[in-house]
């Protein structure tokens, strides 16, 4: 049996484009002699469709698309994923379903049983879990078809009380197929391979796994579809961050063969390389799927905006990136020079708009109220917000989308100005700690100097008052980032982090700052997620709470 | 048996204050001869504690609090709600539990079985549902104790496949007790009474129901704890939006008696009266629980900011409200006059800060880029954002929190400026449609003119260009709001709304605008929730999606 795996980029709610893409790949697979072509979880609707799923019309449109897809399934079968109505009287209104389509008809429906409802996942908000498990017979073989999380109930820490394959295995299947919508995090590929390999070896079955690619606002799907033999050995791995259609033969002895050159990785890509690829796709899809082309950002001469500018130029083309230099009276000469060097290195567009007269006008207007009170955070924020007004005015006049340049370290501790440098349509490096931003800069410079070395080596500064340094207000980033990772990614308490050897006063202050900044993060743009725990939809904190603040 | 119902205001993660308040009410109830005092769901931690629940230390602190509470439970029993570890090997790490405490010991633990995971609720994110149901024996009576949603699986539209009372009834309980954390929406009290009454009559048992009060950022808990006899008749109803401790006697014949004057409502309060009360509590608790006292807002002379100013003055005291008049060259004379009248009527503080020189400086700075392009949305937004800078500067200098004054109609269709009038710490009327804002204004004026009549009767205008009216860009509000309610609250499709008789072009435009504004709403402040479907945590939409946009 020849099985094609279609690893594609879908667009939430764009039924026309998703359906056309699926049909196109069915035709291609048919031409190439495939018996079955497998698409990803919820490919018809795009994932995550979130509360669009609460609209009957949306579900009806999924059904219409499935009918169109079924109509072309002659002389080939396909597996597609879509939300469907739960026809049982009790339980939630929908199922997260896979259709097995053959001869123009839906021959079998498999509903997802294990519904992830942690981090960025909300599947139990919409779907009723399945409690019935049946293999699908096709061309003399029995297929155990499951959907993503269905294979993720690990032995060591079972999050669910059922395991669909434990039921399906009794029907003696010949092969497992799993369709997924599994988003990227820099450590997720290894975890995915380990868990799927464990399934293949535990059930002594070959396993074909299809993921999707593409970014849906903050979530980035990395592809990397996988094929395992029945010992759990990984025998093929599709490319990451790009579309692919690959063919496999399921032989009579349950072995799997293929004749394309494998893209199986000899060693895993470095985290920073993966993060770089993910962000490029994240920017590109955010613009493409929302129908915009041109990005704008403020370029300070510092490393964060330099890295974002370079990433945007790579994702959108330098000609589609407008860098605006917005010096204040506190900006150093080297900052302007570093920003100009970057613009020249990239070949992007740039403008210079000094803010001195604007901050002057604002301070003058507030003079009756401020009445010679000393310069403080109020005046610092006026500078940052004046820059935001100018950038947003250019967005409104020329149709740019503003890129946010905050990093995860400053987003954590609230070292940024709400409605100032925290503005933007999408946050590019908001899930990248400052120490990782340095790594990204060096990675971007791997072949030649793109980010000026001076932007990398000078001490970070917001330049909102004379001789300001980030370390005036914050611990050194190599300490700060480690504490933040323990608190945010690992959810350790201050007590536990202190026990690890970090300074007690610093730990308590960092965690307190992080919790106090919750109200700021609530109003920041969506953040491209590259870690297992990003700020945004995957981390839901009370704003008015007392714990640790 | 004498049972006390404690309807109290908790604070998420404030273990010290929650524990002290619970202990204080145990002591009071003991003094008054109660056998049992009942507190609300998750009272120990506050609700919703959201991802704080993922920190072991947080759960440990709940356990410590429970021990302190148990220590005072001598000669009286109590029921408290708290998150606890799930000790079973499989499933999620936590349970949403109720402790029945007697003689200083936890005598019984009840875990919630039906976990709401829709709208603002995320309980399946944290908790494993219970599958074991046991009555609690106490003083010769059997208590069927359930937690909130456990009684909400309706007969007509069962959202869950189990019904805890169907198991418990076999053990022949004498009384039902339900502890809840049920947030306010203007139509929710009637639904709550109907569903609970239905339970009491179906199981032929008296039912005591304890809700909490108080606002937790966007969610407002309204109290209104309830007592039903075994025919389903509502026999008592605690006050709404305030703390209360009330005593009931469960008699041998299963009747319930009490000797305090009932606050049972002869007729339900009007929606607008409830909304008004909810918002007052919402503002008050937002400031109190976050440790702030003083609010600031921009006063335009229009109805939205006038209503917010009046609500803030009632919630915080007029002396704690700073109204800032920020006229531009497009502000009409009557706007300034209307704003000044309101300030005088309320007795709040005010400042006048004209923005003309600031917008002038910004336009001058951008002249090289804008290069005589015609005045458009860019210049309009510069005005709105200049006001936001000034207001935020005053926040930073003097410690105010900025109140957002956007209404739900404009938040829906994106008729507002991101980082401009969409700024603020909390959105006061972001869940109140414009037509309801007029109702609120009339309600505020019910005894005397507080909101100037002219602010109510003049045609709404953003005053960002000469002679601008809201209706230049939007349908009339009485049409707009009805279409929005069908789309947002009722989740009807455009096709269905058109079938109801609304103009097709208007319906399609309104829905398209609403979906296109998702990226703006993502970055707006938390909104005090007063309707069954508010923007924010209860409505989760993709930003980059294609459906209906």
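Backbone N, Cα and C define each Cβ position, glycine as well.
Bear in mind that TrEMBL entries carry predicted annotations, made automatically and left uncurated.
Features reported for this protein in TrEMBL:
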| type | residues | note |
| --- | --- | --- |
| ACT_SITE | A:41 | active site, proton acceptor |
| ACT_SITE | A:41 | active site, proton acceptor |
| ACT_SITE | A:112 | active site, for glutaminase activity |
| ACT_SITE | A:148 | active site, nucleophile |
| BINDING | A:118, A:182 | L-glutamine binding site |
| BINDING | A:298, A:299, A:300, A:301, A:302, A:303, A:304, A:305, A:405 | ATP binding site |
| BINDING | A:381, A:410, A:520 | deamido-NAD(+) binding site |
| DOMAIN | A:1-258 | domain 'CN hydrolase' |
Can you list, in sequence order, the residues of the same chain other than A:381, A:410, A:520 whose CB lies within 8 Å of the CB centroid of the deamido-NAD(+) site?
A:384, A:406, A:414, A:415, A:416, A:417, A:418, A:420, A:421, A:422, A:517
Mapped DSSP class for residue A:41 (active site, proton acceptor), helix or strand or coil:
coil
Hey, which of the binding-site residues A:381, A:405 is the loneliest by Cβ count within 10 Å?
A:381
DSSP state at residue A:298 (ATP binding site), helix/strand/coil:
strand
Which of A:298, A:302, all binding-site residues, has a Cβ with the fewest other Cβ atoms inside 10 Å:
A:302
If proximity means a C-beta under 8 angstroms from chain B, which of A:112, A:118, A:410 count? These are the recorded positions.
A:118
Can you grab the distance from residue A:298 (ATP binding site) over to residue A:118 (L-glutamine binding site)? Cα atoms, rounded to a whole Å.
35
C-alpha of residue A:410 (deamido-NAD(+) binding site) to C-alpha of residue A:41 (active site, proton acceptor): distance in Å?
35
Under DSSP, is residue A:148 (active site, nucleophile) part of a helix or a strand, or is it coil?
helix
Whole-number Å value for how far residue A:300 (ATP binding site) lies from residue A:148 (active site, nucleophile) (Cα to Cα):
43
At its widest, how many Å does the recorded ATP site span between Cα atoms of A:298, A:299, A:300, A:301, A:302, A:303, A:304, A:305, A:405?
12
Where residue A:304 (ATP binding site) falls in three-state DSSP terms
helix
Residues flanking the ATP site, with Cβ no more than 8 Å from the Cβ centroid of A:298, A:299, A:300, A:301, A:302, A:303, A:304, A:305, A:405 and excluding those residues themselves:
A:297, A:306, A:308, A:309, A:339, A:455
